[in-house]
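Here's what Swiss-Prot has on this protein:
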{"type": "BINDING", "residues": "C66, C157, C288", "note": "[4Fe-4S] cluster binding site"}
{"type": "BINDING", "residues": "H96, H185, S317, S318, N319, S379", "note": "isopentenyl diphosphate binding site"}
{"type": "BINDING", "residues": "H96, H185, S317, S318, N319, S379", "note": "dimethylallyl diphosphate binding site"}
{"type": "BINDING", "residues": "H96, H185, T250, S317, S318, N319, S379", "note": "(2E)-4-hydroxy-3-methylbut-2-enyl diphosphate binding site"}
{"type": "ACT_SITE", "residues": "E187", "note": "active site, proton donor"}
Amino acid sequence: MDTKAFKRSLQQSENYHRKGFGQTEAAMGVMNTEYQSSLIQQIRQNNYQWKQGNVTIHLAQAFGFCWGVERAVAMAYETRQHFPKESIWITNELIHHPSVNQRLEQMEIKFIEVINGQKDFSQIKSGDVVILPAFGASVSEMQLLNDRGCTIVDTTCPWVSKVWNSVEKHKKRHYTSIIHGKYRHEETVATSSFAGTYLVVLNLEQATYVCDYILKGGNKEEFLAKFKNAYSEGFDPDTDLEKVGIANQTTMLKSETEQIGKLFEGTMLKKYGPAVINDHFMSFNTICDATQERQDAMLELVKEKLDLMVVIGGFNSSNTTHLQEIPIYQGITSYHIDNATRIKPNNCIEHKPLGKDLEIKENWLPEGSIVVGITSGASTPDIIVEAVIEKIFSAKELEYQSN
């Protein structure tokens, strides 16, 4: 399928909307009332630091809602205002924070049900309004909705669209797209649907395995088993890794994406030589500015003398998970929570360690004066960050009173 032509045709349809409905200002006003925080604004104005009692808070200098998320949420609010009585659906979570998605449900924006791992589009009727989330949607989903006569509101982040353009360039030149991402993540599912031949690699370890195979060969069956569900139909590692282009899920760790790109470039140089490297390797910068800014801000924050970190964001948020990796790798105790209710009485916290399920940690706040680093993922509203900070202040105040 010519995905580029389909996308162009869809965007020219009168049922397709990507720029809102002229009610953005009103939608943003409602959003600001619900999600902004006066405390967080004060902390920003105070050089991202705040002291209360024996707690000093250091906020990362880039955190929380990115402009792509703000745009997606505003468009969802605007859609409900513009279509007050129509059935409105969304193909996935709009963004990866439960509070925002719960608010959309309160506005009677319905999420498409997933049955046995597959989305059930049977309830969607012609004339229904369907929102595509910030992560985008696959070509097959867009085609189904268009054929059904739905009104499509596309909130796909422009940075995600930029990656789609990159893999389409790979496809046009018959390059295999090496996508750094999580193959089940909504964004990577969408990106791979625009690619021709593709392989999704999760991390540097998997990328190294692929590059070793390119240089030395190996067991094809083992390769295909290792990357099951992470490659295009008919993918053959013996023939489809001669020309590769690099792409990424925009929320992956910037430094790892860059390492993977350099690894593949070096591998193709070794195998084919510098004279023809451009016939075997392509790379475009598709690292999202907002993701990069938040990771860079976290790298600066962990240079401070912190007693611990709190990273706030949805547990299924890829960009939040990668923020959590930074202090952990620096040896700083860090807790990933999604909202303030995870901070329990008696100095306990329910948090999600990297790669594990939720667990309870007792005595998580040290006694005496402490310095706490705080950041949040790109889908987390400031009001959630405020609630977490207030909970920390309250916990330390209770400690002071009991002593």
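Glycine too: its Cβ is placed from the backbone N, Cα and C atoms.
Positions of Swiss-Prot features highlighted on the structure.
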| residue | record | contacts (Cβ under 8 Å, 6+ apart) |
| --- | --- | --- |
| C66 | [4Fe-4S] cluster binding site | C288, A290, T291, R294, A378 |
| H96 | isopentenyl diphosphate binding site | G313, G314, N316, S317, S318, T320, G377, S379 |
| C157 | [4Fe-4S] cluster binding site | G68, V69, R71, A72, A134, F135, G136, T250, C288 |
| H185 | isopentenyl diphosphate binding site | F135, Q249, S318 |
| E187 | active site, proton donor | F135, G136, V160, G181, Q249, T250, T251 |
| N319 | isopentenyl diphosphate binding site | T251, T291, R294, G313, G377, A378, S379 |
I need the least crowded one of these binding-site residues (T250, S318, S379), counting other C-beta atoms within 10 angstroms of each C-beta.
S318
Residues near the [4Fe-4S] cluster site, C66, C157, C288 excluded, by Cβ within 8 Å of the Cβ center?
W67, G68, V69, A134, P158, W159, V160, T250, T251, D289, A290, T291, A378
Cβ-centroid neighbourhood (8 Å) of the (2E)-4-hydroxy-3-methylbut-2-enyl diphosphate site, H96, H185, T250, S317, S318, N319, S379 excluded:
I95, F135, E187, T251, G314, N316, T320, T321, G377, A378
So for S317 (isopentenyl diphosphate binding site), how many other CB atoms are inside 10 Å of its CB?
25
